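Copied from TrEMBL, the annotated features are:
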TRANSMEM  7-29  transmembrane segment
TRANSMEM  41-62  transmembrane segment
TRANSMEM  83-106  transmembrane segment
TRANSMEM  112-132  transmembrane segment
TRANSMEM  153-171  transmembrane segment
TRANSMEM  183-209  transmembrane segment
Amino acid sequence: MREAEIWRLLAANLLCALSVVLAAVVPAVFLDGFSVLGTHLTWLCICSVCVATLNIILHLVLKPNQSPKRRSFAHKISRFLKCCIYFFMSCILFHAIIVLYGAPLIESVTETFLFAVLLSTFTTLQCLCLLGPNIQAWIRVFSKNGAMSIWESSLQITSMCSVLGAWFGAFPIPLDWDRPWQVWPISCSLGATFGYMAGLIIAPLWIHWNRKQLTYKSR
């Protein structure tokens with residue numbers, strides 16, 4: 001395993017983590033009264049857009065999983081449209097799962113959907129950038145020993161950390177603390193965000209630590 005590839009992964013992940021920080025800091029300069037807690041829905045939108053944009057740009061620049069085959073323009077357009085459909089379906093699916101786990105069904109629909117968009121950005125969008133609209137490849141990557149590159153291993157870790165962070169973020173909501181961050185879905189979205197950022201840092205460190213044991217083979 002090349003050390004340079006791990007450093008590229010680390011640099012890309014740190015940039016993604018930086019985009020989350022900037023999404024919380026920069027808008028306050030241009031928007032009056034902006035804050036992560038006070039205008040949480042606005043922050044959800046900005047954070048999702050920033051992370052999605054940077055992920056797409058990094059994928060186009062670094063090309064971690066570039067196919068050796070040349071694709072026609074029509075194929076690229078078809079692939080792009082499929083990715084958009086898959087992302088929207090992911091948002092709907094996450095929304096349904098969140099409601100099944102106890103989120104309000106009718107009240108706070110906008111909040112729940114924007115939280116679902118954030119989760120899809122942290123998980124599904126990365127899959128689409130790296131693997132494309134290929135469900136079989138997704139299943140392979142998230143199966144045991146299914147990763148074929150350090151980028152796919154990083155995808156496993158960041159996606160898992162994002163979902164776990166969102167799940168752990170739900171624990172404080174029913175507690176009788178009356179804190180402003182207990183309002184739905186602030187604690188869950190912050191948990192998902194911290195989980196995502198933790199995954200971005202943990203992934204390259206874990207890969208570097210276990211680089212001698214990791215042997216990626218083509219399947």
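Backbone N, Cα and C define each Cβ position, glycine as well.
Automatic, uncurated: that is what TrEMBL annotation is.
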Ask   = Does the transmembrane segment (41-62) come near the transmembrane segment (7-29), with 3+ Cβ pairs under 8 Å (pairs 6 or more apart)?
value = yes
Remark   = For the transmembrane segment (183-209), the distant same-chain contacts (Cβ-Cβ under 8 Å, at least six residues beyond its ends) come to 6, 9-10, 13-14, 16-17, 20, 36-37, 40, 44, 47, 98, 103-104, 108, 111-112, 115, 118-119, 122, 150, 153-154, 157-170, 172-173
